[in-house]
Structure formats: structure tokens, C-alpha cells
Amino acid sequence: MAAPEQTRPAIELKGISKAFGPVQANKDISIRVMPGTIHGIIGENGAGKSTLMSILYGFYKADAGEIFINGTHTEIPDSQAAIKAGIGMVFQHFKLVQNFTVLENVILGAEDGGLLKPSLAKARGVLKHLAEEYELSVDPDAKIEDLSVGHQQRVEILKALYREADILILDEPTGVLTPAEADHLFRILEGLKREGKTIILITHKLREIMEITDTVSVMRRGEMTATVKTAETTPEQLAELMVGRKVLLRVDKVPAQPGRPVLEVENLRHVDESGVERLKGVSLDVRAGEILGIAGVSGNGQSELLEVLGGYADATGTVRVNGQEIPLSGPGSDGRARRHGGIAHVPEDRQHEGLIMPFYAWENVGFGYHDDPRFNRGLLMDNAALQADATDKMKRYDVRPPNPWLPASSFSGGNQQKIVLAREIERDPEVLLVGQPTRGVDIGAIEFIHQEIVRLRDSGKAILLVSVELDEILSLSDRIAVMFDGTIMGERLPDETDQTELGMLMAGMTGATQSRSQGAGHA
Amino acid sequence: MDFATILQVLDSTVRLATPLLLACLAGLFSERSGVIDIGLEGKMLIAAFASAAFAYYFSQNPVAGIGPIWMGLLMGVLASLAFSGLHGLASITFRGNQLISGVALNFLASGLSVLVAQSWFHEGGRTPSLPDEGRFDGIVLPGALGPADAEAAGRPLSELIAQANPIQQIYSELISGHSILVYVAFLMVPATWWVLFRTRFGLRLRAVGEAPEAVDTAGVSVTALRYGALVIAGVLCGLAGAYLATGLQAGFVREMTAGRGYIALAALIFAKWRPWYALMACLLFGFLQAIALRYQNIDLGAFTVPVQFMDALPYILTVVILAGFVGKAIPPRAGGDPYVKER
Amino acid sequence: MDRMPAWADAVLVPLFSIVLAAILSALVILAIGENPVEAFSLMVDGALMRSAGWGYTLYYTTNFIFTGLAVAVAFHAKMFNIGGEGQAAIGGLGVALICLFIPWPHWSLALIGATLGAAAFGAAWAFIPAYLQAKRGSHIVITTIMFNFIAAAVLNYVLVNLLRPAGAMDPATEIFPQATHLPSFQDMFAGGGSLFRGAPANITFFVAVLACVAVWLLIWRTRLGYEIRAFGHSETATRYAGISTVRITVVAMLISGGLAGLMAINTTMGEAERLVMNATEGAGFIGIAVALMGRSHPFGVFLAALLFGFLYQGGAELALWTDIPRELITVIQALVILFTGALDNMVRMPLESVFGTLRRRRSPKPAPTTPSE
Amino acid sequence: DPALIYDLGGKFDKSFNEAAFNGAERWSEETGGSYRDIELQSEAQREQALRRFAERGFNPIITTGFSMSTPIANIAADYPDTKFVTIDGFVDPEEHPNVLSILFSEHQGSFLVGMLAAMASESDTVGFVGGMDIPLIRKFACGYAQGVKAVNEDATVISNMTGTTPAAWNDPVKGSELAQAQISQGADVIFAAAGGTGLGVLQTVADEGAHGIGVDSNQNYLHPDQMLTSMLKRVDVAVADAMEAGADLETGVQVLGLAEDGVGYAVDEYNESLITEEMAAAVEEAKAQIISGEIEVHDYTSDDSCPVLDF
Ligand SMILES: Nc1ncnc2c1ncn2[C@@H]1O[C@H](COP(=O)(O)OP(=O)(O)OP(=O)(O)O)[C@@H](O)[C@H]1O
Ligand SMILES: Nc1ncnc2c1ncn2[C@@H]1O[C@H](COP(=O)(O)OP(=O)(O)OP(=O)(O)O)[C@@H](O)[C@H]1O
Ligand SMILES: [Mg+2]
Ligand SMILES: [Mg+2]
């Protein structure tokens, strides 16, 4: 499996340092990766993983240090040089042109000659070949913006392979993938490894590290703290190396004590801007003191369900909160009205919906609640009150750094998420809608976020959780509903189901295990 | 409206649309690469001045072998290129605000053209009237009726054309007889389309206006692409300015672009940054203006439509069409943002 | 990437930029065969060393404050209002109608009336573009450009055919009644002396200063301003928060148009005391430069407006006493806009590395920190 | 010394302001005197320039353009020892004894060139292009149309204005298109009263083989043998005379019409081939009749209406 010891490392970094202004993102980092292996890198948010890989790919320039590729000292001043050295990278945030086709994205920068036609034709052939070889099929003529995230990621991988990369870097590739997609990705990676390619994988998920990597490095605060053989370590040990303390890897919660239904949804239908029906008669209810988890492959209506309930997409049907029907379109159906009605919402996309990135943290802590009388004095806003409130919440939610005068953009993903959670949970809502609460968040923060959600449940509130992480759904929910193609395929209790069964439902297959316990969790 | 009148209005449309079209395509290249260009007006203006000034200079001091008009054209293009370069320096190299840079260039052109003209020619900020060799002539296409036929027949050209068959009328009046820059402008439309959608450069250009980070990580220089786009924009604006001063007119007059750069910008948005739509938009603007110029005082019996209304009509119709038919225009996504890797 | 102290960014960068612009301007003046030192001292002398000079400088400043604020407010909502020119022109019409057809007992009441009228007319002229943008997605840049032309046509028609006193040559209204004449700086401060004599600066300047304060309060201290800024940064987030994008678009543009309209109080009621054609004289476009240079902050707008006011008045003095064409001022303005607004990084980058070197010298080892910890 | 203030169009507009400049230059050459001048760039500068010149002791202060009359009326009383001249403007002499208002009878001059146009036209269609729809331009147009109709009752006068923004005076391309449009509607003589835009009109008229009529200054030289004539407005003479008179300038109101040679039409080597003897005779006769009052040319601005042309 691992290459013999005497071969030269595919990648060797020596003494890499990089500072962004006063922030030392990488400190004297050295690492060797053998050819034909999968090497994992883990670390908290902001530990410097992405920075290190961006340096290897020539996207950033290191302040100091040397890079050796296959044993030869290689200068990588820009991505062109990295590509030449046989390095391909799949960034955490994809670098794709949204309104281009797959083919166009693949050939961009790697065209043969001045005219497109021959390049496109050649790429079409190569893509077909790659698709067969690595299970990497994507419609070459589809526009990127029409593709699911999983497919977009395949395009990124195809881009690298098209450039004949021998070294592939993947930065948090599974953060946005469904379990099925993630499994698929790992099959692809295994295939690539068999072909002798070298892979660096950055992830927050220890399960993935354990499952697929040969060796793993741990980063903390810009430094490389350890490199170990995967076979010789445990998740608990890695977590401790990462965070510097013991981390609870499972959610710790007592059984739910569900009360009366707080949120009742009946026959909810929603048609999006392009005329596609996204919700096809969804019915569900969430009781006081319980977490209802919605599992599903993304794009099956979960986002729309949150948008409708959160008040920024129109729908038909009936929704009652504490028995009171709320309007689903027209006046009184916007997000503001929902908040007044006791529905709080942690949106799936914190950067585009949950936060105003250039706003200060304290401004963001008031966002959506800025018309609250507590934050206003007559015509003017009471900024002092907002700031005090933000300082307090940031402290309680352990947002780092706890400085309300930093813009949201300068917090890491996990800390951004904490700001949103603090804002929504601390309003003490009747219903909390949560979308992808831990996407891209490190395990230390995940632990904290899960605890907070459970704490809210235990105080008797109704929580609707949407997540593509089946692990998260299974460990956090008191009851699980699976969505497929705009409908609820069925409900399960977490103790009575498993990933396989949920996966079948998520794929739209009801089959033999038909509805083992509809409503059983209500008891 | 009889046939001849329709032809004349369309003929006028072509002339009025040409500078708009060139400027609009210039803006298209620039904005497709992610650099917003409200300096079209300024580039046209400085090119109009430079082309007229040098066409005049070289008509007085001839250089053997090169017509003064070509020297004028060259200098006009160079002047416009210099402005483009300045815009690039500010908005690409120094990652400045593209809007401010464009506004500044418009001011600069407006002041500099007059200042220099006054200092060179002492005619109050205009150039002297250009002699014929300093102007672009109309080109008579093969088979079309032209001034030569008129001379031979001893009758005015318009009369000759009016008596020809309709096809010949269209050919001679509408299609033939424009200056070379008109044909260049119209040919630029398919050329632009081809470059944009059929060549490697075009692919990269479109990409850099949508997602510069994708271009960068693909190993292509964002800076070089954007400068490339600005060079093309500079050349096209140069042609537009030269057409105004040496094609349509016989010299430079202060502020002679008269807001056409802004109209071209409007046309660009109208066209949703696409070349064929740009042609349509510019022709539409030209047509509305031609109509408004021709029918200034419409007498409706009891009531004369005031000239001011007709004057504003092209603008009113633009708003109506925009609101009624065009809908939302989505600009290139990276437009206006300087590319900063270390976000 | 080195950072420099905030004060340096706020003071040194603009300062060096202006110096660069001045050096280039001096070269231009030299090139046309004039003496730059003389020219600059004439400008400073005429604009800043005499009370009447200040009176003119502040008069222009007043105009630019209003149009600059107008553009700035729209910018906060991420809209580019090129229509200040038209909105100010129609605002002038509002002022004229209010002054001519309502018998005001005293200027103070007339000022209040005219303020409301100018703002209402300016806002009305911004309403259609705003509504079309919000509802139909019609690009506000095109529609406001078009509305500038339409406003000019409307004003031309109204002045030539409707409001012009019979037989008058000027396409202008008659002089407004005495009771609507606003106190000029001379009336207010001279006490019979010659301070500010003849200068057009008038009480509207203080309205403009108030407008700066009001806009500052609006943008940074009110819910509406908070919502406008949020909308300007992220449309999706405002929808999430339940803020109506249509409402914000329209309201922001109404405020923007209203501010542009207010400029007419200064020109029409304060200076000319009648409505003339082209009373706006491009101030709507200068407003764009002012807002951009002032970074859309009312205080920045105030300073930028002052700078442009100085250039306008200094330029007038230059034109009075030398043979330098008036276009020189346009060139200087262009250079100032270019260097302070667009090429500011050209100054900032070297300065940053200077500060970086200084810092490194003071502390040889940069303290390693990560903000997320 | 005298001072001269040009209107917003600027000193070199090739017509009105330039005529004033030429008059001043001529005076300066002939007498060796010196003068100061300024081109305004904003409305507020009108008063400013007047005051600054007055404070520095310039006398008389001559201004061009009707827009200067109101500012002069505003400040004249502050400088009783300074004499002000407003060309094209009117200031009440009773109220302001130190102001001279010089008015031209443009309608009379326009009438004469209108006659020439009608006589030279073969298509019986003539054109008029004005810079902006303002009373002064209507006055030109109306006088012109009357002259045309006086020669040929059935002739058609096509009248166009170039725009409503200040760009209307500086858009030769638009002028060009207007001229094209008028020519295609049959016009073969076009009178351009539109500043820089007019240059475009005259250029196109010459290119298309029709005839143009210039305005204010003698513009015949622009296109030899193509320019039918120019409607002269002797602003140059008025300026030179005022400068000559200096501080002793007689104030009040002067109306300069045909009788005073304040307006007229230009005949010189550039257009003599186009003006036949009959044409010259007819125009001279009409001129005499206007001076004697036999023909009365209606002045649009007297009652804001024109008997022969709708606006
Ligand atoms: N573009 C940038 N500008 C300034 N500082 C940056 C930039 N990118 C990263 N940093 C700094 O470098 C540090 C390392 O960031 P990096 O993105 O490499 O972290 P990471 O380990 O990839 O985190 P995550 O797990 O969230 O992806 C951050 O703490 C941050 O302070
Ligand atoms: N412009 C910036 N200035 C300073 N620090 C920055 C800047 N941009 C990013 N950072 C820092 O970079 C680190 C990582 O940023 P990044 O955008 O990768 O977020 P993240 O933690 O990776 O979140 P996610 O994993 O959800 O993408 C954060 O710690 C943040 O503080
Ligand atoms: Mg990362
Ligand atoms: Mg990250």
C-alpha cells in the first residue's frame, strides 16, 4: 500500500512560514508525503491548513521555506508552476465559473491552441475516458450553476486530472457532500491512489481520516503538531492533538420529553422562480422539547422548507405555531413577522444569509432583531445596548476572539456560526429552525454547537434540524424525517434505524422497511 | 412615411449608431473582463480630439506615403489607449475604485482636450476645420450609385437613387456610402462574438469577468487578461472618437461626444453584455434619435407636440422598453471588484 | 501585506495623493506656458484668503454636499444614482413653484416650504427609476441617465412656455417675491460691513451641514439606515431578515433624490432667486466624484465637497486674472479625483511597507497570533 | 481699462461671443489699449466677475448674453461709478442709470437672410436649425420665416432645435443629422443659429451641396461658395464702440437694427457668386422698407408669438 521507504517523497515542504499582516498563519512547517498515499491534514478552524495548501499550489507565496516535488527543489511562484509540477487542487470554496459549462471550466487555462473547438472536442473525449476510469461522470454540457455541489466537486477533480496532475490536494471536500456523495468521492480517491497518484486530504471529520488516509498530520495555530500513521492512532487521540483537550465525539443528551405540537405543517407546497415545484405537499409537526431532524440529499426541498418557514419564500398550505395559523404569502409572512411569531432561524448559508459579512459582530448580533424595542430609543437605534448584548452573547458562546468590533468576515467559519446561533437561540424562540449547523466547523466547535441545540430542546422548545450530515442527524435528533423530491418519505426513530436505511429513503426507495414507526416517537 | 424617408431615417440611424456601437463594444470587452468602464465618454472624446488634431497637423505637414487621416486615426487610437492604460493602472495594478477612475478620466478628457487644443491651435479649444484629405470619405460599394454616377449623369445623387429600383435604393442609400469606420464597426459585432465565444482568449476573458479566482488558479494571469481587454476597449473607443471628429465631422469641437459614452453604457446594460444584442441596442438608440430629429414638431391639429417632448422621446422610450421588455440584466459577476488574491 | 495605523491611512494617504495631483497639475500648467506657483497662489488667494472668496467656495461646497450625499445614500444601498443632475433640476422646479405661488410671510417659513418642495420634487423624479429597479429589475444606471435628459426637456419646456414672464428673453422664471429671499452670509455675518460682500453663500450652507448630520444619523443610527446598509451588502441576507428589498430600494432612492433636489434651494432660492435653465451645471455629476472620494461617509463628503468648492472658486479667480483657460480647472479636478480616489493604493502601498519596516525594526520577531484563538 | 465678460458659450464660439472678442481685439489693436476678459463657467460667477472687475476699477464692464441683465441689475447700485454694458440684455435705465443695454433687432437681419434663402432655394423649402428652444432663438427663426414668406408665400420652412441640455450648443454630430434630415425633406438652404452645433450643420450642408447661412459673425469663409450668407449681428462694433467711449460711455438703452447697421447680412468674396443682382436688389429694397417702417417685421419676443411659424 504505502510506497517503499527508499522512494523519494512526492511532496516535501521544508520550513514553510506565512504571515498575513500580524497573523502568522503558518510557522516553520515541514512535511513529507510519499507517492501513492493519501495523507490527511486536520486542525481547528483557522489552524492554517488552507494556507499551507494554497502555498503548495502557488496561490499564495510563502514568506520562507522550500518545496520539493519528487525530490527536486521546485519554485512555485504561481498556479501555473504548480500545474506544471503536476499538482492539482480542489479548493474549499470551488474556483469554478458558474455560468460556464463543465467542458469550458475543464479546459480553461489548459486549452490547446487559440481556437476553442479542438480543445473542447479533445476535452470531451478525455472526460469520457476519465468518467469511465474513475466513476467521475458529469454531463460535460451542463452549466456549473445547475449542478449539485457534489457534481461541482467532480468538475474540480476533473480539472486537475485533465491537467494530468499526479498530486491532488482536496481542501475539506466532504464539507458540503451528502454521505452518498462522500462515499462516492472516496471510491474515486481510492481509484486515483491505485493509479499511483498522491493525495492530500484536509477534513474536519475524523471518521473520514480513519477510513481513507494512510498518514495524518495535525495542525494547531499555524504549527504542525504531529504526523502519525493512521493505523497507529485513534479518533480520540487525534481530537485531543487538534484541540489540546479531550473532546466529546458523541452528543451527550438525555431522552426527549416531547410535549404538545408547537409547529404543525400541513400540505405545504412551494414553486420556485423558474416554475419548478420544490415542495409537493409536505406535512410534519414538531413538538415542544424535541428535535426533528430532516435528512435528505441536498436539493430535495429541505432548503425551501426552511425558507418557507423562515418567511422568505411564498407557499400554500397550512402552518400553525402553537395552534395559531400563520400567513404563508403576502403581508405578515416575512422573516420579521416570523421572528415576532416566535420562529428563530439559523440559515444554511451563514455567509450569505445569516450574516452581513462587512458588518461588525455586534451589528450582526442584532441582525433581524434590530427593530426590537430593547435596541431602539425612539427614532434612533440604541447601539450601546446592541454592543452590550453582543459582548455578552459572544462571551457566553465562546466566540473567538470575543471582540464585537471585528467584522463578521474576520471570524472563522465556526465562530461565525456561533454568532448566528447565539443570536437566534438567545431570543428564546418557540421554534428554532436550524440548517447545516456545523458545516465546515471544527470538532471543538461542533461539540459546543450541539450542546447548545440540545440545551434549547431541554428547555422545552421545538427544533427543526436540517442537515446533510447523517451522523449529525442520527446523534442529535429525537425523530427523523427523510425528504426526497419535495415530499417526506417517512419518519424514523434514531435508535431504530441506521445509515443504510436512511440512505435508501433519501434515494427515494421506500421498499420493505416501509414506515416502521410512523409517529412512534410521539409517545 | 414613404420609402425614401424610411431609407433616410435608417441611413441616419446607421450613422448615429456607429459611435455608440464602437463604444458599446469597447465597454463590452472591458466589462466582460470585470473592469467597469464609465470612462468610455472620456476615451472617445480624447480620441476625437487627437485624431482631428493630428489629421490636421499631417494635412499641413504631409508625410509621404501616409494619408493624414490615417495618422489622425492612429493618434486617436493611441490617445484612447493611453487613457485605457491609466484606467488599467488605477483599477488593475493599484486595485483602485473603477468607478472613480472612470469618472476621473471623463473629467480629464473634457479638460485636457480643450486645454491642449487651445494651446496648439488658439481657436478656443477646437481644431481647425479639416481639409478633405483629413476626413474619412464615404465608400461607394461596388455596384452602388455614388457621387461619380451623379457627376456623370449631371444630377444630384439623391435624385438618382430615388429613381432606382428599391433594392438598388436600399443598397446605395443605406448600405453603401458610409465611411470605412462604419463598416468596421458593424463587422466588429460578429468579430466580437467570434472572439468571445470561439477563441481561447474569449473564454478566458469571459471567465475572468465572472470568476477571476478560477482563472488565477487555472494558471492564467488575471492582470494580463484585464489589460488585454482594456487595450481592445481603448482601440475601439479610439475608432469611435475618430469617427465622430473625422468621419462625421470635419474637426473637433469641445465636448463633442455629447454624452454618447453614457448612452453606450446604457446600451451595453440594455444588451446584457452580449455583442448581437449590443448591435440591436445601439441601432435602437440610433433609430429613436433619428426619428426624433426628423419629426420634431408633430402637428396634431389642435395641438402641436412640443419639440422638447420629441427631444426627450428617445429617452422615454428607452425607459419604457427597458421596463417593459428587457427585464433584469445580470452583469458579469466580478465586475467592479479589483482582484485581490489574499482576500 | 503590512498594515499601517488608521490615522496614517486617513491623513497621510489623501495628503500625499493631493500633493501628487498638485505636482501633476503644476506640470500641466507649465506645459501650457504659465507659472504654476502664481496660478496656485491666485487660487488660494481668491478662494481662501478673502471672505468673499470663502463665500463662493462655501456656496459651491453647499451644492456638492447635497449631490454628494445623494449619491452616497444610494451607494449605501448599492445603487449608482447618476440621476442627481435631473433630480436637482426638478427639485429646482419644486422650489420655484413653492416660492412663486405661495405667499410666504417670512423667509424662514419659505425655506421650510421650499425644503419640503425641493426634496419632494427631487424624490419624485427618483421614484420611477427606483420603482422600476425594484419591481422590474430595470438597471438604475440607465434609467437615471435617461431621466436626466428627460428632466432637461421638462425644464426647458416649462421655462420657455409656462413660467417665463411674457416678453422676457431669459428662459427663466421671474424673480421670486422679496419675502422668499434667503439671508446670505453677508446678511448674517457682516453686520453692515463688507464681510462676504456679494458672495452667494447663504443660509442653505447650514441646511447642508444639517443634512450631513442627518444622513450620518440616518445611515449609522437608525433602523432604516441599518437596513439600507445591510441591503447594500447582501440582498439575500436582508430577505432572510424579513427586510423588504422593494421598500429599501425605493426608500433609499427617494432619500437620494430628495437630497439631490435640496441642492436647488441653494442655487435657485439662495443665489439666483429665480429658476434659470441649467441651474445644476453638472453638480449632479460632481456629486458622484464627491461621494466616491468621501467614501460615502457624510464627513468625507463634506471634506470632498469643500475641496471641489475650493477648486471651483479658485478656478474662477484664475480665469479672472490670467489667460489660463477655464478647462485647466477641469484637468486639476480630474487629477485630484484620480489620485485621491482611484490611485490611492499607489500611495498606500509604499507607505504600508514603510510602516511595516518601522514596525519590524521596533520588534524584530513578529508576535505570532491567530485571531481565531 | 474696460473689461469684457463672455456668456457661458465661451469666447470662441465662432459666433456671438467671438464677435465680442473680435471687437475688443480690434479696439485694442487700433488704440493700443488693454482690457481683461473672462469666460464664465457657472451661473454664480456672473455676479462674481462683475463685482471683482468693478472692485478692481475696470470701467466700463461689458457683458454679452441676455443672462447677464439680472446680475447687473442686482449689483449695479453697489458700484455707481462703474458703467455696465449688457449686450442682448435689458436693464431698466430708470432704476440703474449706470447701465447701458444694447439690444439687436435680430428679427430684421433674419428677415433679410430669410429672403435670400427663399430666392436661392430651388425646392421652395428652406431650413432653420436653432441651438435650443429659447425665446432668442425663436426670434431668429420667426424673423427668418417671415423673410422667406415675404418672397414666396408657399415656401416651406422646416425649423428644428437641437436639444435641451447645454450639450445642444456643442453637438455638431446632431447638427449634422438635423441638416441631413432637412435636406432629405427638400431643404436646400439652411440657416444655423446653434453655436458649435451650427458648425456641424454648415459642414453637412456644404458636403451635401446645399447652401448654409451663418449667424452672428461672418461665417462665409467656412465654406467658400457654399455659404449663401451670414446673418450679421455687429456685437463687435458695439463692443469696440463701448470700449472706445470708456468711462464716458453714455448709458441707457440702445436698439441696434438695420437702420443703425447693428444687424445685416454678409456679402464678401466667399459668397458673391451666389448672390445674384436681383437678389441683392430685392434685399436692399426690403432693407430700406424696414428702415422706413413700410415693412414691419414681427419680433417674436414682443408678444411671444410668431405669425408664420409654430413652436
Ligand atoms: N486571506 C487572508 N488574509 C488574512 N489572513 C488570512 C487569510 N487567510 C487566512 N488568514 C489567516 O491565516 C490563518 C489560517 O487560515 P486558514 O484558512 O489556512 O485556516 P484553515 O486551517 O484552513 O481553517 P479552516 O479549517 O476553517 O478551513 C487564519 O487564522 C487567518 O488569521
Ligand atoms: N480578510 C481577512 N482578514 C483577516 N482574517 C481573515 C480574512 N479572511 C479570512 N480570515 C481568517 O481566515 C480564517 C479562515 O477563514 P475562512 O474564510 O477559510 O473560514 P473558515 O474558518 O475556513 O470557514 P469555513 O470552513 O466555513 O469556510 C479565519 O480564521 C478568518 O479569521
Ligand atoms: Mg481551510
Ligand atoms: Mg476555511
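Just so you know, glycine gets a Cβ as well, placed from its N, Cα and C.
Unlike curated records, TrEMBL annotations are generated automatically.
Fair warning: this is a prediction, and the values are worked out from it, not measured in the lab.
Look at TrEMBL and you will find C:12-33 (among others) tagged as transmembrane segment.
Annotation source TrEMBL lists transmembrane segment at C:53-75 (among others).
Look at TrEMBL and you will find C:87-104 (among others) tagged as transmembrane segment.
For C:110-128 (among others), the entry in TrEMBL reads transmembrane segment.
Taken from TrEMBL, the feature transmembrane segment covers C:140-160 (among others). Residues 74, 79-83, 85-87, 89-90, 92-93, 125-126, 128-130, 132-133, 171-173, 253, 275-278, 284 of the same chain lie 6+ residues outside the transmembrane segment (C:140-160) yet bring a C-beta within less than 8 angstroms of a C-beta in it.
The transmembrane segment annotation in TrEMBL covers C:199-219 (among others).
Through the fold, the transmembrane segment (C:240-263) approaches residues 62-63, 66-67, 69-71, 73-74, 76-77, 79, 81, 83-85, 87-88, 90-92, 94, 115, 118-127, 129-131, 133-135, 140, 207-208, 211, 215, 218, 224, 227-228, 230-231, 280, 283-284, 287 of its own chain, all at least 6 residues removed from its boundaries and within a Cβ separation under 8 Å. For C:240-263 (among others), the entry in TrEMBL reads transmembrane segment.
Per TrEMBL, the feature transmembrane segment maps to C:275-294 (among others).
Marked as transmembrane segment by TrEMBL: C:301-322 (among others).
According to TrEMBL, the feature transmembrane segment maps to C:328-351 (among others).
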Answer yes if the transmembrane segment (C:53-75) and the transmembrane segment (C:199-219) have at least three CB pairs under 8 Å among residue pairs 6 or more apart in sequence, and no otherwise. yes
Which one, C:110-128, C:275-294, C:301-322, has the most C-beta pairs under 8 Å toward the transmembrane segment (C:87-104)? C:110-128
Among C:110-128, C:199-219, C:275-294, C:301-322, C:328-351, the stretch with the most Cβ pairs under 8 Å to the transmembrane segment (C:12-33) is C:328-351
Cβ pairs under 8 Å between the transmembrane segment (C:275-294) and the transmembrane segment (C:328-351), at least three: yes
Counting only residues 6+ away from its ends, which parts of the chain sit with a Cβ under 8 Å from the transmembrane segment (C:199-219)? 51-59, 61-62, 65-66, 69, 72-73, 76, 111, 115, 182-186, 188, 225, 228-229, 255, 259, 262, 265-266, 269-271, 297-299, 301-302
Using a Cβ cut-off under 8 Å, which residues of the same chain at least 6 positions beyond either end of the transmembrane segment (C:328-351) come close to it? 4, 8-9, 12-14, 16-18, 20-21, 24-25, 28-29, 32, 39, 289, 292-293, 307-308, 311-312, 314-315, 318-319
